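S.K.: Following this message is one structure expressed as structure tokens.
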Amino acid sequence: MLKTIATKIFGSRNDRVLRKLNKVVKKINGLEPAFSALTDDELKAKTAEFRARLEKGESLESLMPEAFATVREASRRVLGMRHFDVQLIGGMVLTNRNIAEMRTGEGKTLTATLPCYLNALTGKGVHVVTVNDYLANRDAETNRPLFEFLGMTVGVNIPGLPPEVKRAAYQADITYATNSELGFDYLRDNLAHSKEERFQRQLHYALVDEVDSILIDEARTPLIISGPAEDSSELYIAIDKLIPLLVKQDKEDTEEYQGDGDFTLDLKTKQAHLTERGQEKCENWLIENGFMTENESLYSPAKIGLVHHIYAALRAHTLFERDVDYIVKDGEIVIVDEHTGRTMAGRRWSDGLHQAIEAKEHVKIQGENQTVASITYQNYFRLYEKLAGMTGTADTEAFEFQQIYGLETIVIPTNRPMIRDDRTDVMFESEAYKFQAIIEDIKECVARSQPVLVGTASIEKSELLSNELDKAGIPHNVLNAKFHAQEAEIIANAGYPGAVTIATNMAGRGTDIVLGGNWRAEAAKLENPTEEQLEALKAAWQERHDVVMKAGGLHIIGTERHESRRIDNQLRGRSGRQGDPGSSRFYLSLDDSLMRIYLNEGKLNMMRKAFSTPGEAMESKLLAKVIASAQAKVEAHNFDGRKNLLQFDDVANDQRHAIYAQRNDLLDHEDISETIKAIREDVYNEVIDQYIPPQSLEEQWNIAELEKRLKQDFALDLPIQQWLEEDNQLHEDNLRERIIASAVEEYQHKEEIVGAETMRNFEKGVMLQTLDELWKEHLAAMDQLRKGIHLRGYAQKDPKQEYKKESFQMFTEMLDALKLTVIRTLSRVQVRTQEEAQAEAAQQAAAESKDYADDSASGERSVAQTTQRIGRNDPCPCGSGKKYKHCHGNRAAHEA
């Protein structure tokens with residue numbers, strides 16, 4: 001109450017920010033006459049002037065009015081578009097690490113040029129982040145003439161580029177890229193074996209387009225680079241035959257209720273659970289089919305992997321639907337993004353789920369993968385020094401943006417008043433009645449030449465509605481994951497008089513639907529169009545535009561409410577752009593997913609009783625409250641899930657930072673001998689401590705085992721017992737010094753044979769490869785720890801604290817293992833002179849009567865490893881960083 005009164009008196013926080021920014025807008029407008037009078041060369045020279053002023057200590061904030069005035073004038077001359085005042089406000093909001101909510105059609109692409117130019121003046125690079133390749137290319141090509149006029153370079157980074165092209169894109173002042181490619185390049189950079197292989201420079205400023213889609217909808221999707229793991233495709237095929245034998249049970253077993261089913265489903269979390277009866281049935285089937293013996297249990301340590309396969313197959317059959325969650329295309333399972341309706345080629349579900357779905361659909365099962373590197377979008381984008389975003393729908397998620405990313409959401413006013421008619425939701429008892437009403441609404445719109453955009457929640461529903469429209473004889477276009485290639489053309493035609501377009505969720509997002517159609521898209525199809533042709537296209541468009549305006553603009557039909565209000569608002573936002581007329585209405589039924597999953601049986605029964613006659617439509621304030629309540633529950637549940645994920649991932653993120661910082665330090669230094677020296681001393685001291693405890697008596701020493709360990713692990717054959725017998729003055733400290741000195745002497749001897757440069761390369765290669773291998777194993781161990789950590793709650797322990805504690809212990813153990821493995825590998829490598837290598841080669845040739853060409857016949861000294869000492873998977877001693885089997889080991893085998 002008091003807050004409402006205060007807001008009325010003083011205005012909201014948003015109002016106060018806008019009032020402050022309007023003062024700067026007046027200042028920019030005041031500069032316009034002077035900047036309009038500048039010649040092109042004088043306007044271009046402003047970029048060099050601004051950079052010089054920055055170097056002298058001026059801030060970006062003080063340069064902002066002049067920089068924005070420069071961009072506005074350049075845009076007017078080059079693109080023929082002048083920034084509106086509200087776009088200047090949007091640009092200022094984006095400069096100040098905020099999120100700008102700008103309605104559809106308000107010109108976000110043009111607005112982005114302002115903060116991009118300003119932040120690119122620093123020379124540190126700007127990343128404009130889009131959700132797909134099409135938008136990255138489109139926006140870059142649209143704004144390239146403007147930026148190049150002002151002396152800025154523009155790059156585009158999308159999947160599949162050659163390394164040199166990708167590297168050049170990152171060196172540009174302004175780089176347009178997809179969110180996934182930026183994240184993957186970051187991971188690739190941290191798997192590189194030389195600094196020349198890296199792509200990204202310092203992460204300075206990111207402007208995220210459709211920020212809600214990337215930072216919220218995809219927040220729980222980790223980016224993973226993986227390598228092959230053990231193949232178990234036959235097991236997936238076998239287990240797939242078990243699932244149809246299992247029977248669903250509606251409720252979990254309790255003391256009061258004992259069901260007769262084999263499994264239960266949790267539709268909210270998309271999880272399946274076996275009942276006791278189900279476990280017994282699975283065990284019996286596994287025994288009958290030879291996967292287990294009668295003495296074994298499904299949960300015995302040796303068979304626990306079978307549980308993983310059963311649950312993956314169970315989820316594949318019961319919770320993931322074809323043409324809803326995925327499609328089958330060219331013999332592969334392709335995931336469909338639940339938020340956008342777009343396919344996500346190249347992405348795979350983890351934990352064996354993707355393989356289980358491949359078995360279910362009888363397509364080729366691709367091997368499981370082991371994670372080599374991973375990061376979430378939440379943690380990747382928090383690496384940027386400055387982060388900003390823009391979207392048409394952010395205000396409903398403002399709290400989450402503030403909590404997770406520290407970004408304030410500012411709602412930018414529209415250039416013209418929004419006059420769209422958002423009508424009350426209509427509820428029907430069943431989906432069949434709902435579709436009948438939708439068809440009637442579409443018929444009425446088509447009759448008066450009003451274009452219609454129908455939003456559906458899945459491919460399945462879009463095709464079902466398409467069939468109904470075919471029966472009714474209504475021409476229409478379908479835009480879903482199956483017709484992704486035709487997206488731009490379908491959207492370009494969606495504003496034609498009487499056009500009917502069915503789209504899954506927000507397929508086509510990022511492209512405006514122009515009333516009357518897009519004449520520019522038509523012009524683009526013509527080869528070298530004449531002025532007369534262009535004028536004819538414009539005239540035809542104007543005629544169609546007037547017809548659509550008179551009919552009421554674009555009409556939006558939602559076929560069901562989404563889990564999030566934001567997605568519903570995105571659908572509505574396709575209509576009423578830049579003051580155009582428009583309308584929207586959602587048609588709902590009690591069969592909709594939101595109703596079935598998130599409303600209890602009592603509320604559903606109460607609503608069913610409200611329908612007195614078949615096919616009756618219901619509109620009421622109570623209905624709106626029930627739907628809002630269900631959506632609020634889902635949004636809160638999803639926010640908690642993302643926040644919980646971040647809290648766990650932050651633990652791994654701290655470790656990731658430490659490892660990647662260490663790795664980059666290695667790449668940036670040619671000589672790491674001092675690091676190796678320090679590690680060697682630590683490792684030998686720790687090993688010696690195990691057999692000669694500090695401040696212990698000589699009787700407590702285990703010299704025989706120490707000699708054995710040094711020889712076995714470090715190829716160091718030292719007569720320590722003999723030293724002690726010959727020298728009574730030897731005590732713990734000077735004995736320790738003598739052992740380490742012997743190790744150093746042995747290592748220096750190897751270095752003298754092969755040369756310092758070769759040894760430095762070898763040290764670096766061993767260090768990098770060992771670090772990568774142990775980090776990969778650590779990620780797998782962390783993943784297993786995380787999957788089971790929730791069980792600690794049953795022991796009255798906080799799972800998050802337990803996870804932090806145990807993961808830190810595992811990380812410490814990994815670092816210790818890194819030191820030991822590096823020193824062990826460097827110590828065990830055997831080197832020999834060129835003459836020795838040639839002599840051995842000659843002996844082998846004589847013994848086997850085969851020609852053998854020595855790889856190092858150039859006369860230079862080289863590193864070689866004996867087969868007893870270096871395994872095929874050990875680092876190659878040449879210093880390449882590759883495994884021996886992929887480097888000189890492979891070459892030697894080929895030549896032999």
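The backbone N, Cα and C atoms fix where each Cβ goes, and this holds for glycine too.
Sharing the record's features from Swiss-Prot:
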type: BINDING; residues: Gln87, Gly105, Glu106, Gly107, Lys108, Thr109, Asp512; note: ATP binding site
type: REGION; residues: 565-584; note: region 'Disordered'
type: REGION; residues: 840-896; note: region 'Disordered'
type: BINDING; residues: Cys876, Cys878, Cys887, His888; note: Zn(2+) binding site
type: COMPBIAS; residues: 882-896; note: compositional bias 'Basic residues'
S.K.: Which sequence positions outside the region 'Disordered' (565-584), separated from its termini by at least 6 residues, show Cβ-Cβ distances below 8 Å to it?
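M.R.: Distant Cβ neighbours of the region 'Disordered' (565-584) are 103-106, 212, 216, 339, 392-394, 396-397, 414-423, 453, 455, 505-506, 509, 512-513, 515, 549, 552-558, 628, 631, 635.
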S.K.: For the ATP binding residues given in the record (Gln87, Gly105, Glu106, Gly107, Lys108, Thr109, Asp512), what is the largest pairwise C-alpha separation in angstrom?
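M.R.: The span, Cα to Cα at its widest, is 17 Å.
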S.K.: Near the Cβ of Gly105 (ATP binding site), how many other Cβ atoms are there if near means within 10 Å?
M.R.: 22
S.K.: When you measure from the Cβ of Lys108 (ATP binding site), which residues in the chain that are at least 6 apart have a Cβ under 8 Å away?
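M.R.: Lys108 (ATP binding site) has long-range Cβ partners Gly90, Ala100, Met102, Asp209, Met390, Gly392.
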S.K.: If you run through the region 'Disordered' (565-584) with DSSP, how many residues end up as helix, strand and coil?
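M.R.: The counts are 11 helix, 3 strand, 6 coil.
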S.K.: For the recorded ATP site formed by Gln87, Gly105, Glu106, Gly107, Lys108, Thr109, Asp512, name the remaining residues of the chain with Cβ within 8 Å of the site's Cβ center, in chain order.
M.R.: Met102, Thr104, Leu110, Thr111
S.K.: Using Cβ atoms only, which residues of the same chain lie under 8 Å from Thr109 (ATP binding site) while being at least 6 residues apart in sequence?
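M.R.: Looking at Cβ-Cβ distances below 8 Å from Thr109 (ATP binding site), excluding near sequence neighbours, one finds Asp139, Thr142, Asn143, Asp209.
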S.K.: Mind telling me which of the binding-site residues Glu106, Asp512 has the densest Cβ neighbourhood, counting other Cβ atoms within 10 Å?
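M.R.: Neighbour-count leader: Glu106.
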S.K.: Relative to the Cβ of Gln87 (ATP binding site), which residues of the same chain, six or more apart in sequence, are found under 8 Å away?
M.R.: Glu106, Gly107, Leu110, Thr111, Leu114, Asn415
